[in-house]
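Database features (TrEMBL):
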{"type": "TRANSMEM", "residues": "A:12-29", "note": "transmembrane segment"}
{"type": "TRANSMEM", "residues": "A:36-57", "note": "transmembrane segment"}
{"type": "TRANSMEM", "residues": "A:63-82", "note": "transmembrane segment"}
{"type": "TRANSMEM", "residues": "A:103-122", "note": "transmembrane segment"}
{"type": "TRANSMEM", "residues": "A:128-149", "note": "transmembrane segment"}
{"type": "TRANSMEM", "residues": "A:158-179", "note": "transmembrane segment"}
{"type": "TRANSMEM", "residues": "A:185-203", "note": "transmembrane segment"}
Amino acid sequence: MSLTQLPLAEQAVLTLAALVLFTSFLLLAQNRIVSLIHTFAWQGGLLFVATCLMALTSGRHHLFISAFMTLALKVVFIPWQLRRLVVKLDIRREVETVGGPSLIMIGGGALVLFSYYVVLPIRELSFLATRNTIAVSLAVVLVGMLMIITRRKAVAQVIGFMSMENGLFFAAVSATYGMPMVVELGIAFDVLVAAILFGIFFFQLRSGIGSLDVDHLNRLHEVDR
Amino acid sequence: MIALYLTLLIPLTATLVFAVIGHWKFAGTLNLLVCIATFVTSLLCAINVFDHGPLMSPGKLFYVDAFNVYLILVNALVGLTTAIFSRPYMAHEVEIGRVDDARMRLYHSMYQGFLLTMLVALTTNNLGLLWVAVEGATLATVLLVSLYRTPESIEAGWKYFILCGVGIAQALFGTVLVYFAAERVLPGVEEALLWSVLKEHAAQLEPTVLTLAFVFLLVGYGTKIGLVPLHNWLPDAHSEGPTPMSAILSGLLLNVALYAVVRYKMLIEPALGNHLPGYLMMGFGMLSFTVAGILLHRQRDIKRMFSYSSIEHMGLMTLAFGIGGPLATFGGLLHMIVHSLTKSAIFVTVGHAAHVAGTQSIDRIRGLIRTQPAIGWSLLLGTVAIAGFPPFGVFTSEFLLFSATMKSWPWLVIPLLLGLAVAFAGLFRHLQPMVFGEPPQGQRPVRANLLPVLLHLLLVLWLGISIPDVLSRWLDQATIMVVGKGVL
């Protein structure tokens, strides 16, 4: 069955999935901190739209609650807080040079292929759209991990971390119409607390090592030297 | 049922109360009292389960059976004894000016918060909530790791946060996949993550999805267990955080993460019909065991050294549950208890030893047995116990485990024995001068409360000499739950 034969709503969800993956690549490549935060907010916005769409088509109305939690947390609160911290710590104008950008992008592409490959065995049991969205969300998670590995600035790592959470959320929403409510609430609470803790850590890093560059974190070793 | 609710409500209330009222003179005592209360309720809960079998809360949200109730009890006990230790220890830290009142408030509040998340993780029936609680444990302890605000501790805290956060995210993906598989089979969507429900329908779940899920779950929770190569955060967090944290991280958190993996294994292995999860766990376990044993030798920080010993023992337990079979599982369950008790006792002693010497560096901790014999002897006995000498309980569990390995994987016994010898050599090489060496000038005994150490070591000794009938029957019930067949 080809993509065009799917119902319109599913096609829309697939398009949104593609866009979410696209923003995740944008995050990987973006080197200005403020733009990074904005891109992250856009990713959250896409998730919000996707969740609302799923809620409408599937008739599971508890998804609206998840959708609005995403809107509040990932589109409004976290970007707002990150932006405020960036202004407060006066690193707005800092540009992070990403080492070997083309190589990283190729790595990201490889991760997408890998995700599709991993998801391949569950082909038999599930529908085309679901399979695609699982692969995409796994790719978003892995690209988020890649971002954490390759970035040196703490703020960028946090955004990588949060975009990983976005991938997980997208998996939960698109593959299974959302987790049970108590779990959704718990996860949202964890994300909220994590966001606040990250903010506290920025200040600790600044006062402890004098910068938000995690390259300066090199005092602890696996073995003594 | 009420006991179970109270076990969760007491630490929850305490977390909030400590966060609101802040630090004052009697906060340490109050912390202790709260831990006593939690211990009593968890004991009642355990007796209840022992008399009447598994407990299920009306909404099916909490479920306590033979497997998790004994871990709940161990959790509450270690939480209690660590609270006994933490009162004079943290008072000393305040005295020497390493922490101020605001951080003590954070410390007490998060101490209870951590215990709460651990208890929720153990009691919950909902696999999603299990994830939330384990992630919550990271969030509760992350600021405690960087409590001293030295550059090293901030580095350790950041590493802990990022590595555990990323790791545990993989576990959430695994949980989503399990839910994805369950949702197709089960009628009620709200019930599709409940462990008790999933267990009944395990055979109908789609194997390919579950295989994939287990890989993610093992990597995710494995980060928390401290399995090599995902262990990097563990020595840092243990060595830089305050010592009571190391005691409860080593004694509780690692166990709870392993518990999560074993629960999934119980679910996924019957569904797959093959032994793949077991093999994966064996591989990770063996690797951790070997690598940690070797890295033990190269440590200079006493807390780092013992955290590698934790990795080693967690590897051993993962191996035990991976091998499966009643005897190995029984050994693994017993090892969870004795390791928890011994390791937290060791960290308590190490904390005092570091206060005596004024440093955590192995090179500069010398002659403890002459400066303060009680601490010297405790450290010696604790290390003897953890190295697996008879008549301590660690010997018993390792012996059981090795006999089980001998039966099913005879060749594995050789690297296991070698690894044990290597780890033993590493521990004693460092221990000998610390305990028997020449004490440097100006070392002065500190006020130490060694009651927790005594209690833990006596318990471990008791478990080594004779496992009480109640406990052995209990562990046997748990073994039956995990592998379907008991030892006794």
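Cβ coordinates are placed from backbone N, Cα and C, and glycine is handled just like the others.
For the transmembrane segment (A:12-29), same-chain residues at least 6 beyond its ends with a Cβ under 8 Å from one of its own Cβ atoms are 3, 6, 36, 39-40, 42-43, 46-47, 49-50, 53-54, 98, 101, 104-105, 108, 112, 129, 132-133, 136-137, 139-140, 143-144, 146-147, 150, 159-160, 163, 166-167, 170, 174. Sequence-distant contacts of the transmembrane segment (A:36-57), counting only residues of its own chain at least 6 positions beyond either end whose CB sits under 8 Å from a CB of the stretch, comprise 9-10, 12-13, 16-17, 19-20, 23-24, 26-27, 30, 63-64, 66-68, 70-71, 73-75, 78-79, 82-83, 86, 155-156, 159, 162-163, 166, 169-170, 173-174, 177-178. Here the transmembrane segment (A:63-82) has long-range neighbours at 37-38, 40-41, 43-45, 47-48, 51-52, 54-55, 155, 158-159, 162, 165-166, 169, 173, 177-178, 181, 184-185, 188, 191-192, 195-196, 199, meaning same-chain residues at least 6 beyond its ends whose C-beta is under 8 angstroms from one of its own.
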